[in-house]
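The following features are taken from TrEMBL:
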DOMAIN    324-394  domain 'J'
REPEAT    153-186  repeat 'TPR'
REPEAT    199-232  repeat 'TPR'
REPEAT    271-304  repeat 'TPR'
Amino acid sequence: MGWGAVYYGNRAATLMMLGRFREALGDAQQSVRLDDSFVRGHLREGKCHLSLGNAMAASRCFQRVLELDHKNTQAQQELKNASTVLEYEKIAEVDFEKRDFRKVVFCMDRALEFAPACHRFKILKAECLALLGRYPEAQSVASDILRMDSTNADALYVRGLCLYYEDCIEKAVQFFVQALRMAPDHEKACLACRNAKALKAKKEDGNKAFKEGNYKLAYELYTEALGIDPNNIKTNAKLYCNRGTVNSKLRKLEEAIDDCTNAVKLDDTYIKAYLRRAQCYMDTEQYEDAVRDYEKVYQTEKTKEHKQLLKNAQVELKKSKRKDYYKILGVDKNASEDEIKKAYRKRALMHHPDRHSGASAEVQKEEEKKFKEVGEAFTILSDPKKKARYDSGQDLEEDGLNMGDFDANNIFKAFFGGPGGFSFEGRWKCSPAGFGNVSTQIAWEAGGVCQGMCWWRRVLGFAT
(Lines of atoms letter the chains of each structure in order from A and count residues from 1; the text may use other names and numbers.)
(Lines give C-alpha, C1' and ligand atoms only; values in the text may rest on other atoms or scores of the structure.)
Protein backbone atom coordinates (compact mmCIF):
# COMPACT_ATOMS: atom_id res chain seq x y z
CA MET A 1 0.00 0.00 0.00
CA GLY A 2 1.41 3.39 -0.96
CA TRP A 3 1.72 6.23 1.55
CA GLY A 4 -0.25 8.47 -0.78
CA ALA A 5 -3.37 6.37 -0.37
CA VAL A 6 -2.97 6.35 3.40
CA TYR A 7 -2.39 10.11 3.48
CA TYR A 8 -5.54 10.87 1.47
CA GLY A 9 -7.49 8.31 3.50
CA ASN A 10 -6.45 9.88 6.82
CA ARG A 11 -7.25 13.39 5.63
CA ALA A 12 -10.67 12.16 4.47
CA ALA A 13 -11.28 10.74 7.96
CA THR A 14 -10.34 14.10 9.54
CA LEU A 15 -12.66 16.05 7.23
CA MET A 16 -15.47 13.60 8.00
CA MET A 17 -15.08 14.28 11.71
CA LEU A 18 -15.38 18.00 10.91
CA GLY A 19 -18.59 17.35 9.00
CA ARG A 20 -17.01 18.41 5.69
CA PHE A 21 -18.20 15.35 3.79
CA ARG A 22 -18.00 16.79 0.29
CA GLU A 23 -14.28 17.58 0.70
CA ALA A 24 -13.73 14.27 2.47
CA LEU A 25 -15.32 12.44 -0.47
CA GLY A 26 -12.71 13.85 -2.84
CA ASP A 27 -9.83 12.64 -0.64
CA ALA A 28 -11.41 9.21 -0.13
CA GLN A 29 -11.87 8.76 -3.87
CA GLN A 30 -8.26 9.80 -4.46
CA SER A 31 -7.06 7.26 -1.92
CA VAL A 32 -8.74 4.32 -3.70
CA ARG A 33 -7.59 5.56 -7.09
CA LEU A 34 -4.06 5.28 -5.75
CA ASP A 35 -4.78 1.85 -4.20
CA ASP A 36 -7.97 0.00 -5.19
CA SER A 37 -7.35 -2.59 -2.44
CA PHE A 38 -7.45 0.10 0.30
CA VAL A 39 -10.44 -1.15 2.35
CA ARG A 40 -10.64 1.86 4.68
CA GLY A 41 -10.55 4.14 1.64
CA HIS A 42 -13.61 2.40 0.13
CA LEU A 43 -15.37 2.47 3.50
CA ARG A 44 -14.76 6.21 3.87
CA GLU A 45 -15.89 6.91 0.32
CA GLY A 46 -19.09 4.93 0.93
CA LYS A 47 -19.70 6.72 4.23
CA CYS A 48 -19.28 10.12 2.53
CA HIS A 49 -21.68 9.15 -0.27
CA LEU A 50 -24.25 7.97 2.30
CA SER A 51 -23.88 11.10 4.44
CA LEU A 52 -24.45 13.22 1.33
CA GLY A 53 -27.55 11.19 0.42
CA ASN A 54 -26.20 9.17 -2.49
CA ALA A 55 -27.20 5.72 -1.22
CA MET A 56 -26.68 3.98 -4.58
CA ALA A 57 -23.04 5.09 -4.83
CA ALA A 58 -22.56 4.24 -1.15
CA SER A 59 -23.86 0.70 -1.76
CA ARG A 60 -21.32 0.13 -4.55
CA CYS A 61 -18.47 1.19 -2.24
CA PHE A 62 -19.58 -1.12 0.58
CA GLN A 63 -20.02 -4.00 -1.86
CA ARG A 64 -16.44 -3.43 -3.04
CA VAL A 65 -15.27 -3.65 0.58
CA LEU A 66 -17.06 -6.98 0.96
CA GLU A 67 -15.38 -8.22 -2.20
CA LEU A 68 -12.05 -7.41 -0.56
CA ASP A 69 -13.08 -8.60 2.91
CA HIS A 70 -16.35 -10.57 2.96
CA LYS A 71 -16.36 -10.68 6.78
CA ASN A 72 -16.14 -6.90 7.20
CA THR A 73 -19.00 -6.22 9.69
CA GLN A 74 -18.82 -2.45 9.25
CA ALA A 75 -19.42 -2.76 5.51
CA GLN A 76 -22.28 -5.18 6.13
CA GLN A 77 -24.00 -2.72 8.50
CA GLU A 78 -23.40 0.28 6.28
CA LEU A 79 -24.83 -1.60 3.30
CA LYS A 80 -28.03 -2.18 5.32
CA ASN A 81 -28.11 1.51 6.21
CA ALA A 82 -27.81 2.46 2.54
CA SER A 83 -30.69 0.11 1.68
CA THR A 84 -32.80 1.71 4.43
CA VAL A 85 -32.17 5.19 3.01
CA LEU A 86 -33.13 4.02 -0.49
CA GLU A 87 -36.37 2.58 0.90
CA TYR A 88 -37.27 5.85 2.68
CA GLU A 89 -36.57 7.76 -0.53
CA LYS A 90 -38.98 5.56 -2.49
CA ILE A 91 -41.74 5.87 0.13
CA ALA A 92 -41.30 9.65 0.31
CA GLU A 93 -41.55 9.98 -3.46
CA VAL A 94 -44.87 8.11 -3.52
CA ASP A 95 -46.26 10.00 -0.51
CA PHE A 96 -45.32 13.36 -1.96
CA GLU A 97 -47.40 12.55 -5.03
CA LYS A 98 -50.26 11.58 -2.69
CA ARG A 99 -49.77 14.92 -0.89
CA ASP A 100 -49.18 13.07 2.37
CA PHE A 101 -46.63 15.63 3.47
CA ARG A 102 -46.50 14.48 7.10
CA LYS A 103 -45.37 11.04 5.97
CA VAL A 104 -42.70 12.60 3.74
CA VAL A 105 -41.35 14.62 6.69
CA PHE A 106 -41.22 11.42 8.74
CA CYS A 107 -39.32 9.56 6.00
CA MET A 108 -36.84 12.39 5.53
CA ASP A 109 -36.18 12.60 9.26
CA ARG A 110 -35.37 8.87 9.29
CA ALA A 111 -33.21 9.14 6.17
CA LEU A 112 -31.31 12.13 7.61
CA GLU A 113 -30.24 9.98 10.55
CA PHE A 114 -27.98 8.15 8.05
CA ALA A 115 -27.46 11.07 5.65
CA PRO A 116 -27.07 14.17 7.88
CA ALA A 117 -25.33 16.23 5.17
CA CYS A 118 -27.90 15.61 2.42
CA HIS A 119 -29.25 18.97 1.24
CA ARG A 120 -31.74 17.23 -1.02
CA PHE A 121 -33.44 15.47 1.89
CA LYS A 122 -33.45 18.64 3.96
CA ILE A 123 -34.98 20.65 1.12
CA LEU A 124 -37.73 18.08 0.57
CA LYS A 125 -38.48 18.09 4.29
CA ALA A 126 -38.54 21.91 4.33
CA GLU A 127 -40.87 22.05 1.34
CA CYS A 128 -43.29 19.64 3.00
CA LEU A 129 -43.14 21.63 6.24
CA ALA A 130 -44.09 24.72 4.25
CA LEU A 131 -46.97 22.85 2.60
CA LEU A 132 -48.11 21.80 6.08
CA GLY A 133 -48.10 25.42 7.25
CA ARG A 134 -45.11 24.92 9.58
CA TYR A 135 -43.35 27.95 8.16
CA PRO A 136 -40.83 28.76 10.93
CA GLU A 137 -39.46 25.20 10.80
CA ALA A 138 -39.29 25.24 7.01
CA GLN A 139 -37.56 28.62 6.96
CA SER A 140 -35.04 27.47 9.55
CA VAL A 141 -34.02 24.46 7.42
CA ALA A 142 -33.78 26.54 4.22
CA SER A 143 -31.81 29.30 5.95
CA ASP A 144 -29.31 26.79 7.33
CA ILE A 145 -28.62 25.54 3.82
CA LEU A 146 -28.34 29.06 2.40
CA ARG A 147 -25.75 29.93 5.04
CA MET A 148 -23.61 27.10 3.69
CA ASP A 149 -24.55 27.61 0.03
CA SER A 150 -26.12 30.97 -0.86
CA THR A 151 -26.63 29.87 -4.47
CA ASN A 152 -28.74 26.80 -3.66
CA ALA A 153 -31.78 27.28 -5.91
CA ASP A 154 -33.89 24.73 -4.02
CA ALA A 155 -33.31 26.50 -0.70
CA LEU A 156 -34.11 29.85 -2.29
CA TYR A 157 -37.33 28.37 -3.65
CA VAL A 158 -38.40 27.00 -0.24
CA ARG A 159 -37.56 30.31 1.43
CA GLY A 160 -39.79 32.06 -1.11
CA LEU A 161 -42.50 29.44 -0.68
CA CYS A 162 -42.71 30.15 3.05
CA LEU A 163 -43.09 33.87 2.43
CA TYR A 164 -45.64 33.20 -0.30
CA TYR A 165 -47.76 31.05 2.03
CA GLU A 166 -47.50 33.68 4.76
CA ASP A 167 -49.04 36.20 2.34
CA CYS A 168 -45.77 38.15 1.91
CA ILE A 169 -46.11 37.83 -1.82
CA GLU A 170 -43.77 40.62 -2.97
CA LYS A 171 -40.85 39.27 -0.94
CA ALA A 172 -41.66 35.76 -2.08
CA VAL A 173 -41.41 36.77 -5.74
CA GLN A 174 -37.92 38.16 -5.08
CA PHE A 175 -36.73 34.75 -3.81
CA PHE A 176 -38.37 32.90 -6.71
CA VAL A 177 -36.66 35.22 -9.20
CA GLN A 178 -33.33 34.68 -7.45
CA ALA A 179 -33.82 30.90 -7.56
CA LEU A 180 -34.53 31.10 -11.28
CA ARG A 181 -31.32 33.07 -11.81
CA MET A 182 -29.39 30.22 -10.18
CA ALA A 183 -31.40 27.55 -12.02
CA PRO A 184 -33.41 28.90 -15.00
CA ASP A 185 -35.15 25.53 -15.52
CA HIS A 186 -36.35 25.24 -11.88
CA GLU A 187 -39.97 24.21 -12.60
CA LYS A 188 -41.33 24.63 -9.09
CA ALA A 189 -39.86 28.11 -8.68
CA CYS A 190 -41.22 29.09 -12.09
CA LEU A 191 -44.75 27.88 -11.25
CA ALA A 192 -44.72 29.47 -7.79
CA CYS A 193 -43.49 32.77 -9.21
CA ARG A 194 -46.26 32.78 -11.81
CA ASN A 195 -48.93 31.93 -9.22
CA ALA A 196 -47.65 34.57 -6.80
CA LYS A 197 -47.79 37.32 -9.42
CA ALA A 198 -51.25 36.26 -10.61
CA LEU A 199 -52.59 36.03 -7.06
CA LYS A 200 -51.22 39.44 -6.15
CA ALA A 201 -52.72 41.04 -9.26
CA LYS A 202 -56.19 39.46 -8.81
CA LYS A 203 -56.35 40.32 -5.14
CA GLU A 204 -55.35 43.94 -5.75
CA ASP A 205 -57.88 44.24 -8.60
CA GLY A 206 -60.58 42.83 -6.32
CA ASN A 207 -59.68 45.27 -3.56
CA LYS A 208 -59.82 48.15 -6.02
CA ALA A 209 -63.25 47.12 -7.32
CA PHE A 210 -64.52 46.80 -3.74
CA LYS A 211 -63.30 50.29 -2.79
CA GLU A 212 -65.01 51.69 -5.89
CA GLY A 213 -68.27 50.04 -4.82
CA ASN A 214 -68.31 47.63 -7.78
CA TYR A 215 -69.21 44.64 -5.63
CA LYS A 216 -70.22 42.34 -8.47
CA LEU A 217 -66.82 42.73 -10.14
CA ALA A 218 -65.03 42.39 -6.79
CA TYR A 219 -66.87 39.11 -6.18
CA GLU A 220 -65.78 37.76 -9.59
CA LEU A 221 -62.14 38.79 -9.07
CA TYR A 222 -61.92 37.27 -5.59
CA THR A 223 -63.47 34.06 -6.94
CA GLU A 224 -60.90 33.90 -9.76
CA ALA A 225 -58.09 34.52 -7.25
CA LEU A 226 -59.32 31.62 -5.10
CA GLY A 227 -58.86 29.28 -8.06
CA ILE A 228 -55.18 30.10 -8.59
CA ASP A 229 -53.51 28.09 -5.82
CA PRO A 230 -55.45 25.93 -3.31
CA ASN A 231 -52.23 25.39 -1.32
CA ASN A 232 -51.94 29.06 -0.34
CA ILE A 233 -54.00 28.74 2.82
CA LYS A 234 -53.36 32.15 4.39
CA THR A 235 -54.02 34.20 1.27
CA ASN A 236 -57.07 32.13 0.40
CA ALA A 237 -58.45 32.69 3.92
CA LYS A 238 -58.22 36.44 3.31
CA LEU A 239 -59.80 36.06 -0.11
CA TYR A 240 -62.73 34.13 1.36
CA CYS A 241 -63.17 36.78 4.03
CA ASN A 242 -63.02 39.55 1.41
CA ARG A 243 -65.61 37.77 -0.70
CA GLY A 244 -67.73 37.32 2.40
CA THR A 245 -67.60 41.08 2.93
CA VAL A 246 -68.71 41.58 -0.67
CA ASN A 247 -71.62 39.18 -0.17
CA SER A 248 -72.67 41.02 2.97
CA LYS A 249 -72.69 44.27 0.99
CA LEU A 250 -74.88 42.56 -1.61
CA ARG A 251 -77.13 41.34 1.28
CA LYS A 252 -76.36 37.74 0.41
CA LEU A 253 -75.87 36.98 4.08
CA GLU A 254 -75.97 33.17 3.99
CA GLU A 255 -73.33 33.19 1.23
CA ALA A 256 -71.28 35.62 3.33
CA ILE A 257 -71.50 33.26 6.30
CA ASP A 258 -70.33 30.35 4.12
CA ASP A 259 -67.33 32.36 2.89
CA CYS A 260 -66.32 33.36 6.41
CA THR A 261 -66.69 29.74 7.52
CA ASN A 262 -64.30 28.68 4.75
CA ALA A 263 -61.90 31.40 5.89
CA VAL A 264 -61.77 30.18 9.50
CA LYS A 265 -61.45 26.57 8.34
CA LEU A 266 -58.24 27.60 6.59
CA ASP A 267 -57.06 29.87 9.41
CA ASP A 268 -58.76 29.35 12.78
CA THR A 269 -56.94 32.37 14.23
CA TYR A 270 -58.41 34.80 11.67
CA ILE A 271 -60.21 37.31 13.90
CA LYS A 272 -61.54 39.43 11.04
CA ALA A 273 -63.39 36.44 9.56
CA TYR A 274 -64.99 35.59 12.92
CA LEU A 275 -66.11 39.21 13.34
CA ARG A 276 -67.56 39.35 9.83
CA ARG A 277 -69.41 36.05 10.29
CA ALA A 278 -70.71 37.11 13.70
CA GLN A 279 -72.16 40.30 12.22
CA CYS A 280 -73.87 38.27 9.50
CA TYR A 281 -75.28 35.95 12.16
CA MET A 282 -76.62 39.03 13.97
CA ASP A 283 -78.18 40.35 10.78
CA THR A 284 -79.91 37.01 10.17
CA GLU A 285 -80.98 36.73 13.84
CA GLN A 286 -78.83 33.62 14.43
CA TYR A 287 -77.86 34.94 17.83
CA GLU A 288 -76.48 31.75 19.40
CA ASP A 289 -73.96 31.43 16.56
CA ALA A 290 -73.11 35.13 16.86
CA VAL A 291 -72.45 34.76 20.59
CA ARG A 292 -70.19 31.77 19.94
CA ASP A 293 -68.11 33.74 17.40
CA TYR A 294 -67.86 36.82 19.60
CA GLU A 295 -66.79 34.62 22.53
CA LYS A 296 -64.01 33.19 20.35
CA VAL A 297 -62.92 36.70 19.39
CA TYR A 298 -63.00 38.01 22.96
CA GLN A 299 -61.02 35.03 24.25
CA THR A 300 -58.33 35.84 21.68
CA GLU A 301 -58.36 39.64 21.94
CA LYS A 302 -59.84 41.00 25.17
CA THR A 303 -60.59 44.53 23.99
CA LYS A 304 -63.44 46.82 25.13
CA GLU A 305 -64.87 46.79 21.63
CA HIS A 306 -64.99 42.99 21.47
CA LYS A 307 -66.48 42.82 24.97
CA GLN A 308 -69.28 45.19 23.93
CA LEU A 309 -69.98 43.21 20.75
CA LEU A 310 -70.27 40.04 22.82
CA LYS A 311 -72.57 41.75 25.33
CA ASN A 312 -74.82 43.07 22.55
CA ALA A 313 -75.09 39.60 21.02
CA GLN A 314 -75.93 38.08 24.41
CA VAL A 315 -78.68 40.67 24.92
CA GLU A 316 -80.14 39.93 21.48
CA LEU A 317 -79.99 36.21 22.20
CA LYS A 318 -81.89 36.73 25.44
CA LYS A 319 -84.45 38.92 23.68
CA SER A 320 -84.91 36.33 20.92
CA LYS A 321 -86.01 33.72 23.43
CA ARG A 322 -88.98 35.89 24.51
CA LYS A 323 -92.13 36.63 22.55
CA ASP A 324 -91.43 38.95 19.65
CA TYR A 325 -94.08 41.60 20.18
CA TYR A 326 -93.08 43.47 17.05
CA LYS A 327 -93.61 40.33 15.01
CA ILE A 328 -96.94 39.64 16.72
CA LEU A 329 -98.19 43.10 15.70
CA GLY A 330 -96.50 42.87 12.31
CA VAL A 331 -94.51 46.11 12.69
CA ASP A 332 -90.88 47.11 12.38
CA LYS A 333 -88.77 47.60 15.51
CA ASN A 334 -88.59 51.30 14.68
CA ALA A 335 -92.37 51.64 14.30
CA SER A 336 -93.96 54.88 15.49
CA GLU A 337 -96.68 55.12 18.15
CA ASP A 338 -99.29 55.66 15.45
CA GLU A 339 -98.09 52.63 13.47
CA ILE A 340 -98.29 50.48 16.61
CA LYS A 341 -101.87 51.62 17.24
CA LYS A 342 -102.90 50.92 13.67
CA ALA A 343 -101.30 47.49 13.80
CA TYR A 344 -103.09 46.66 17.04
CA ARG A 345 -106.43 47.77 15.61
CA LYS A 346 -105.95 45.51 12.59
CA ARG A 347 -104.70 42.45 14.49
CA ALA A 348 -107.16 42.72 17.39
CA LEU A 349 -110.12 42.80 15.04
CA MET A 350 -108.63 40.00 12.96
CA HIS A 351 -108.30 37.63 15.94
CA HIS A 352 -111.24 38.74 18.10
CA PRO A 353 -113.06 35.59 19.36
CA ASP A 354 -116.47 36.87 18.20
CA ARG A 355 -115.27 36.78 14.61
CA HIS A 356 -114.53 33.04 14.94
CA SER A 357 -117.48 31.86 17.03
CA GLY A 358 -118.69 29.66 14.20
CA ALA A 359 -115.31 27.95 13.76
CA SER A 360 -114.18 24.67 15.28
CA ALA A 361 -113.16 24.55 18.94
CA GLU A 362 -109.51 24.18 17.89
CA VAL A 363 -109.60 27.28 15.70
CA GLN A 364 -111.43 29.26 18.40
CA LYS A 365 -108.75 28.33 20.94
CA GLU A 366 -105.95 29.37 18.57
CA GLU A 367 -107.62 32.71 17.75
CA GLU A 368 -108.19 33.45 21.44
CA LYS A 369 -104.50 32.81 22.06
CA LYS A 370 -103.52 35.18 19.24
CA PHE A 371 -105.99 37.79 20.48
CA LYS A 372 -104.35 37.67 23.91
CA GLU A 373 -100.85 37.92 22.44
CA VAL A 374 -101.88 40.95 20.40
CA GLY A 375 -103.14 42.55 23.59
CA GLU A 376 -99.88 41.74 25.37
CA ALA A 377 -97.85 43.23 22.54
CA PHE A 378 -99.90 46.43 22.52
CA THR A 379 -99.70 46.74 26.31
CA ILE A 380 -95.91 46.72 26.16
CA LEU A 381 -95.18 48.61 22.95
CA SER A 382 -97.71 51.39 23.56
CA ASP A 383 -96.12 52.26 26.92
CA PRO A 384 -92.78 54.12 26.41
CA LYS A 385 -91.24 52.87 29.67
CA LYS A 386 -92.27 49.26 29.18
CA LYS A 387 -91.19 49.42 25.53
CA ALA A 388 -87.75 50.75 26.53
CA ARG A 389 -87.27 47.93 29.04
CA TYR A 390 -88.42 45.38 26.47
CA ASP A 391 -86.09 46.78 23.77
CA SER A 392 -83.13 46.73 26.16
CA GLY A 393 -83.63 43.03 26.80
CA GLN A 394 -84.80 43.33 30.41
CA ASP A 395 -87.00 40.60 31.83
CA LEU A 396 -90.43 42.23 32.18
CA GLU A 397 -91.63 39.74 34.77
CA GLU A 398 -88.59 40.56 36.91
CA ASP A 399 -89.70 44.19 36.66
CA GLY A 400 -93.03 43.24 38.25
CA LEU A 401 -95.12 42.94 35.09
CA ASN A 402 -96.94 39.61 34.97
CA MET A 403 -98.39 39.26 31.49
CA GLY A 404 -100.59 36.41 32.64
CA ASP A 405 -102.70 38.70 34.82
CA PHE A 406 -104.05 41.17 32.29
CA ASP A 407 -107.35 40.85 30.40
CA ALA A 408 -107.15 41.17 26.60
CA ASN A 409 -110.83 42.10 26.49
CA ASN A 410 -110.23 45.11 28.72
CA ILE A 411 -107.38 46.23 26.47
CA PHE A 412 -109.70 45.91 23.46
CA LYS A 413 -112.55 47.77 25.19
CA ALA A 414 -110.24 50.54 26.41
CA PHE A 415 -108.78 50.97 22.91
CA PHE A 416 -112.05 51.01 20.95
CA GLY A 417 -114.34 52.52 23.61
CA GLY A 418 -118.11 52.17 22.88
CA PRO A 419 -121.10 54.53 22.54
CA GLY A 420 -124.33 54.60 24.55
CA GLY A 421 -122.90 53.03 27.67
CA PHE A 422 -122.60 49.67 25.88
CA SER A 423 -121.63 46.79 28.16
CA PHE A 424 -118.87 44.64 26.61
CA GLU A 425 -119.55 41.87 29.11
CA GLY A 426 -123.27 41.86 28.25
CA ARG A 427 -122.50 41.65 24.54
CA TRP A 428 -119.96 38.92 25.12
CA LYS A 429 -122.73 36.54 26.22
CA CYS A 430 -124.64 36.97 22.98
CA SER A 431 -123.56 35.05 19.92
CA PRO A 432 -122.96 37.17 16.82
CA ALA A 433 -125.04 34.61 14.98
CA GLY A 434 -128.00 35.95 16.95
CA PHE A 435 -127.39 39.44 15.62
CA GLY A 436 -129.02 38.39 12.39
CA ASN A 437 -132.20 37.34 14.21
CA VAL A 438 -134.91 40.08 14.25
CA SER A 439 -136.43 39.05 17.59
CA THR A 440 -133.02 39.16 19.27
CA GLN A 441 -132.35 42.56 17.79
CA ILE A 442 -135.76 43.84 19.07
CA ALA A 443 -134.94 42.50 22.51
CA TRP A 444 -131.69 44.45 22.50
CA GLU A 445 -133.53 47.51 21.27
CA ALA A 446 -136.08 47.15 24.06
CA GLY A 447 -133.20 47.25 26.49
CA GLY A 448 -132.10 50.53 24.95
CA VAL A 449 -128.77 49.20 23.74
CA CYS A 450 -129.39 48.83 20.01
CA GLN A 451 -127.19 51.79 19.18
CA GLY A 452 -124.25 50.28 21.06
CA MET A 453 -124.84 46.87 19.59
CA CYS A 454 -124.80 48.18 16.06
CA TRP A 455 -121.57 50.06 16.79
CA TRP A 456 -119.85 46.87 17.97
CA ARG A 457 -121.15 45.02 14.96
CA ARG A 458 -119.48 47.60 12.75
CA VAL A 459 -116.23 47.42 14.76
CA LEU A 460 -116.07 43.66 14.41
CA GLY A 461 -116.93 43.82 10.74
CA PHE A 462 -120.40 42.23 10.78
CA ALA A 463 -123.15 43.42 8.36
CA THR A 464 -125.78 45.68 9.92
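From the backbone N, Cα and C atoms, a Cβ is placed for every residue, glycine too.
Computed from a predicted structure; not experimentally measured.
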What parts of the chain pack near the repeat 'TPR' (153-186), using Cβ distances under 8 Å and only residues at least 6 beyond its ends?
119-120, 123, 126-127, 130, 133, 135, 138-139, 141-143, 145-146, 192-193, 195-197, 199-200, 231-235, 238
Within the domain 'J' (324-394), count helix residues (DSSP H, G, I), strand residues (E, B) and coil residues, in that order.
53 helix, 0 strand, 18 coil
DSSP-derived helix, strand and coil totals, residue by residue, for the repeat 'TPR' (271-304):
28 helix, 0 strand, 6 coil
Could you break down the residues of the repeat 'TPR' (199-232) into DSSP helix, strand and coil, giving a count for each?
25 helix, 0 strand, 9 coil
Sort the residues of the repeat 'TPR' (153-186) into helix, strand and coil with DSSP and give the three counts.
27 helix, 0 strand, 7 coil
